């Protein structure tokens, strides 16, 4: 009875912890944003919740609840602090997730740090068998628990469908409460993890590991063919594209994972058949070649185009692949090669933890390193304006990118032709527009062409191409194309909040679309679509048969039609004169 009581107590405790985790996520997503405006504080709180509850739920079992609580608290708070530190590099919190390397480093600290935290509590930091069993046990228990959560929700919805037939909607009424799905999912997850831990003798990683081992022989065959074909194919294709390095590293990391599955935690659990042992040794022997090729591919790319956060991350990954290869290669020279590989894996995991922590610290500030590299290459003449990753500098590299932008703007444009236009496009265009504009006319040239064709009112008004070039590429392209179809009219005036332009853009089928361009610091931007007018109205406007007069705000009057009146918040209402 005592064992049953303890078992139920553990289940209740894990269910409560899971429910608390779900409630915390709900509060973070639905409650706190209404009262806390500091997005960085919300980010830190979210990282604490994830970094605390994830290892806590996974470590109860390998550790006692109090021990798991201690490890989760230390690991979660320290990883969250580093993640928050790294987030201060960007100007907007959402930018933290744009490239994704900072969140990835944070997850590495949590997922790899959890088994090491358990090992510290047991005094077995370098005990590969304990680390291996703990790590894979957490993975398998979480997989089983999430599968059960999915089955639970499927059963719940089926139950609702059945009860709804007789007019009972209690289940749906509960689920519609915002907090219920979060708390219920957490509760079921915690309960499932508790049961999975009770049945850890059955819910073990052995099946998964043995299935993974089956992939080793075909992967060895493919990599062997690749290496044998290199002398005949040459290396030009390998180093011509950055994706080749990514493919090499993905294959190498997958192979290293299969080697870890093959050598298992002890010689007794490792692969026993001669074929599987030979395949494992063969891939371990080929890993140094893949590592050298991956490092060289990234180095060539960096030499040609400089550092970027992606290339820095790729270089670090390639170095780890090469380190795997070197250590595995030396291990093969020993009779106890499997034990050597296991020990190498421990040091590798610790090194990965260290690098992940450094990535989130100023030591490996990828944006700063990349921005300084790109500016230096341009200033020293190693690179050109055409090869400058201007959009990434302005929009993805955070505060370091903004500092680099100021340095680039301070350069003499006569010495760097086209730099000003590239930076202007990078500041105002979406990435798609920016990449598209590289093979087409500049926004400044399109604005110049549009002003040459357009009719500008009131008479005597002036509008510079640089001011109109603030529009995004698509509105400018349409303006240029439409001005060749019929009369294209731009009316300048203070018809709302500041100086604005009302544009009449001819359509191929007749008439015109009317749009509003707002102004900010002397540069115009596309604000919103207003209305559509017929051909007769367009001709009246082109002939100057309109007036700008006040209503609730100043508006354009074309006969009996008023455009620009009745602004409600940020929205224009177009209405005929009554």
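Don't overthink the numbers, they just go from 1 along the chain as shown.
Every residue, even glycine, has its Cβ placed from backbone N, Cα and C.
If you check TrEMBL, you get these features:
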TRANSMEM  12-29  transmembrane segment
TRANSMEM  41-61  transmembrane segment
TRANSMEM  68-87  transmembrane segment
TRANSMEM  99-121  transmembrane segment
TRANSMEM  142-163  transmembrane segment
TRANSMEM  179-199  transmembrane segment
TRANSMEM  211-230  transmembrane segment
TRANSMEM  242-263  transmembrane segment
TRANSMEM  283-300  transmembrane segment
TRANSMEM  312-333  transmembrane segment
TRANSMEM  345-364  transmembrane segment
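12-29 is the stretch from 12-29, 41-61, 99-121, 211-230, 312-333 with the greatest number of Cβ pairs below 8 Å to the transmembrane segment (179-199). Under 8 Å from some Cβ of the transmembrane segment (12-29) lie the Cβ atoms of residues 42, 45-46, 49, 53, 56-57, 60, 65, 178-179, 182-191, 193-194, all in the same chain and six or more residues away from its ends. Below 8 angstroms of C-beta separation, residues 47, 50-51, 54-55, 58-59, 62-63, 67-68, 70-72, 74-76, 78-80, 82-83, 86-87, 127, 130-131, 134-135, 138, 309-310, 313, 349-350, 352-353, 356-357, 359-360, 366, 396 of the same chain, each at least six residues beyond the ends of the transmembrane segment (99-121), sit close to that stretch. The transmembrane segment (283-300) makes no contact with the transmembrane segment (41-61): fewer than 3 of their CB pairs lie within 8 A, with pairs spaced 6 or more apart in sequence.
For the transmembrane segment (68-87), same-chain residues at least 6 beyond its ends with a Cβ under 8 Å from one of its own Cβ atoms are 40, 43-44, 47-48, 50-56, 59-60, 62, 93, 96, 102-103, 105-106, 109-110, 113-114, 117-118, 120-121, 357, 359-361.
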